[in-house]
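*Asks:* Quick paste of what Swiss-Prot says about this protein:
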type	residues	note
BINDING	Asp21, Asp23, Asn25, Tyr27, Glu32	Ca(2+) 1 binding site
BINDING	Asp114, Asp116, Ser118, Tyr120, Glu125	Ca(2+) 2 binding site
BINDING	Asp158, Asn160, Asp162, Arg164, Asp169	Ca(2+) 3 binding site
DOMAIN	8-43	domain 'EF-hand 1'
DOMAIN	53-89	domain 'EF-hand 2'
DOMAIN	101-136	domain 'EF-hand 3'
DOMAIN	145-180	domain 'EF-hand 4'
DOMAIN	193-228	domain 'EF-hand 5'
DOMAIN	237-272	domain 'EF-hand 6'
Amino acid sequence: MDSAFANLDAAGFLQIWQHFDADDNGYIEGKELDDFFRHMLKKLQPKDKITDERVQQIKKSFMSAYDATFDGRLQIEELANMILPQEENFLLIFRREAPLDNSVEFMKIWRKYDADSSGYISAAELKNFLKDLFLQHKKKIPPNKLDEYTDAMMKIFDKNKDGRLDLNDLARILALQENFLLQFKMDASSQVERKRDFEKIFAHYDVSRTGALEGPEVDGFVKDMMELVRPSISGGDLDKFRECLLTHCDMNKDGKIQKSELALCLGLKHKP
């Protein structure tokens, strides 16, 4: 393996690949190959001078090893197999086949399978979890491929070998989008800016467009809020903070957080 790729992880590799494989057909072709390898080298060695000779050297090495059909193009799986460690490679392939939209969608699925709020999902539950996830994205996965994904996940992420995965494990596996709340800096904003940001935030989590956060919408908001101050949270932590949020914000005790209630909790005056 070339030293240029020693520190590359799946997230970084995927971001670069998607930039060049614009039509998402699983190939990088022609001049794109030169641009692709040049970009990767610049990303990984920002202080080094990237010469045409170095680019062609890397390109030749990859093409001779993986372009078995001599058609002048490479597949993402071939590159991943060569330059990524096993764990990151698996994450890469999985992310391409089943991207999740946001934390609300993730929590809808989590709540369906963690029905007892234990904070864990067993191997059997995981298999059903994946099946529904692929159906949600209108993808038909053969039984053998479903078994392969399930087994691989348990082997990689079930570190203590107790046959179950926690909330944080699945959040990483399913590659949730970057925390939506990271783009906002409420403390440093004026009242006008805070109100504007609040509208964006509420609209993002109010997926059902009912004017209130309920069920997985509350879960998704709580998850992102907690992760602003605590990068790794458990299912139990989420449930405790969710209960706390409802206690303080759900003024009419209907199990939902109305837009006006959340605004009040955040120190904003909301006009219906």
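Here the Cβ of each residue, glycine as well, is placed from N, Cα and C on the backbone.
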*Asks:* Cβ under 8 Å, sequence separation of at least 6 from the ends of the domain 'EF-hand 6' (237-272): give me the contacting residues as numbers and ranges.
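*Replies:* Residues packing against the domain 'EF-hand 6' (237-272) from afar: 117, 119, 167, 186, 191, 194-195, 198, 202, 206, 211-214, 218-219, 222-223, 225-226, 230.
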*Asks:* What other residues of this chain sit with their CB within 8 A of the center of the CB atoms of Asp114, Asp116, Ser118, Tyr120, Glu125, the recorded Ca(2+) 2 site?
*Replies:* Tyr113, Ala115, Ser117, Gly119, Ile121, Ser122, Arg164, Gly235
*Asks:* Cβ atoms within 10 Å, counted per site: which of Ser118, Asn160 has the most, among these binding-site residues?
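*Replies:* Sorting the candidates by Cβ neighbours within 10 Å, the top entry is Ser118.
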*Asks:* With every protein chain in view, what's the tally of Cβ atoms within 10 Å of the Cβ of Arg164 (Ca(2+) 3 binding site), excluding that atom itself?
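*Replies:* Other Cβ atoms found within 10 Å: 19.
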*Asks:* Note down the number of other Cβ atoms within 10 Å of the Cβ of Asp23 (Ca(2+) 1 binding site), including every protein chain shown.
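*Replies:* Excluding its own Cβ, Asp23 (Ca(2+) 1 binding site) sees 6 Cβ atoms within 10 Å.
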*Asks:* Which numbers of helix, strand and coil residues does DSSP report for the domain 'EF-hand 5' (193-228)?
*Replies:* 25 helix, 2 strand, 9 coil
*Asks:* Which range out of 8-43, 53-89, 145-180, 193-228 gives the domain 'EF-hand 3' (101-136) the most CB pairs under 8 Å?
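*Replies:* Looking only at 8-43, 53-89, 145-180, 193-228, the most contacts with the domain 'EF-hand 3' (101-136) come from 145-180.
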*Asks:* Whole-number Å only: compute the distance from the Cα of Asp23 (Ca(2+) 1 binding site) to the Cα of Asp169 (Ca(2+) 3 binding site).
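*Replies:* Distance between the two Cα atoms comes out at 30 Å.
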